[in-house]
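*Asks:* Before we start, here is the structure in question, set down as structure tokens.
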Amino acid sequence: MNSSMLKKGSKRGGSSRGRRIFSDENSVHKFNRIKRTNLPADKDDDYCNTRNSQDQAVTHSRSSSPYNVSPMEKSPWSSQRNANIPFEDSDASFSPNVLMGSLVREEGHIYSLAASGDLLYTGSDSKNIRVWKNQKEFPGFKSNSGLVKAIVISGAMIFTGHQDGKIRVWKVSSKDPSIHKRIGTLPTMKDYFKNSMKTSNYIEVKRHSNAVWYKHSDAISCLSLSEDKAFLYSSSWDKTFKVWRISNSRCLESVIAHDDAVNSIVAGNDGLVFTGSADGTVKVWRRELQGKGTKHFFSQTLLKQECAVTAVAVNPNSTVVYCGSSDGLVNFWEREKMSHGGVLRGHKLAILCLITAGNLVFSGSADMEICVWRRTGNDHTCLSLLTGHNGPVKCLAAEKDLESTPNDRRWILYSGSLDKSVKMWRVSEKAPPMAWKGCASSAPTSMPSSLPAATSFPAQTRNIKK
């Protein structure tokens, strides 16, 4: 998969209003255990390549289906959940990581997910933001244009990044939590008109094409909140990332960060920001407060390669930085010394999404699979290879399982795919390792274990005059 494919989203599929129902037999029990394998090495790859052909949408007969109700009485979404799946299993050859259910609607590919407590937000190329509460459909909301590429939540505010280069801001009604109202767009119309009057605020974004510097001129690829949730970061295919103050919706800074599309951005602790790009690099930026604004300085390049960097993530304590690439590899660095820690090899095609939760790392890929890794010190072990999607896994989100205990931390993992479905998994940090030689690997790469840090210097930025 080349970088151009990674920069461009899948073409919008044809509209379909029919619904798909995943039967309990095929969507839950077929995948309610991820079985460990001790196959010989020559059969290992065949096992990992296996797709369960029965993970297809099937329709219950009217006589036997529990969903045999009028279409007027049931949402077109199909919500499957089996909360009574026994978590423990007497057979030691099984993993406690389970598929709990699927949410499916024939309205568009799933490009973004965000979870907060018992709420799940899903974004697709239908322009709809769907809301789920305890796996049941909640009233959603719709943008006027631009497929939903990214979603982040900050309290009662929801930020959505779109294909049209705009960031839309929504707020949950204090009177009725099922109502979401759009309260603005970034940049605001007032700021846009005010600053578009000055020729000094224009920059060349394409050949013979100029635009106001603080408005993204291409698709939003990723959104991230600062640790204190005072700032919102947006990255774009226009090669920049921008910094927004949430309290007044102002764009404080625009940084020309890479030579190609910025595919991912994540804010860590201590004012550090990490970006990954289709130009094959991962860069570190340091934020400094200057008066009422901010200034981001380039710190160092962690990775420089031919393959596009498609996803970047940091663990909850910001002690480890991860990046996924179009070659299917996940590189990681120990943040204390910014030394290269190794490579996680578990996918056959490009990494499309990457998140962390507790001591776990989740990677979703174009190979339609999800690898679950557990970090112990500097070592990573593959616990499960989650299969069930019939299309590339485009986005992931995780929330702590309410049944989790201090001795057995569990997570609810949501995965969105270009097969138009969202799947919900229960994952335990105590799961036994998967016996697959290619998955549980953190072998060093051929590059130096520690890349030299570049000299810090101011990034190419534009700031609003205060």
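Note that Cβ sites are derived from N, Cα and C of the backbone, with glycine treated the same way.
Annotations in TrEMBL come from automatic prediction, not curation.
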*Asks:* Do you know which of 173-193, 446-466 TrEMBL annotates as region 'Disordered'?
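*Replies:* In TrEMBL, the region 'Disordered' feature sits at 446-466.
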*Asks:* Can you tell me how the residues of the repeat 'WD' (302-334) break down into helix, strand and coil by DSSP?
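*Replies:* Its residues fall into 0 helix, 21 strand, 12 coil.
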*Asks:* Six or more residues out from either end of the repeat 'WD' (302-334), which same-chain residues have a Cβ under 8 Å from its Cβ atoms?
*Replies:* 1-3, 6-7, 260, 263-266, 268-270, 272, 274-284, 340-359, 361, 363, 365, 367, 373, 375, 378, 380, 442, 445, 447, 451
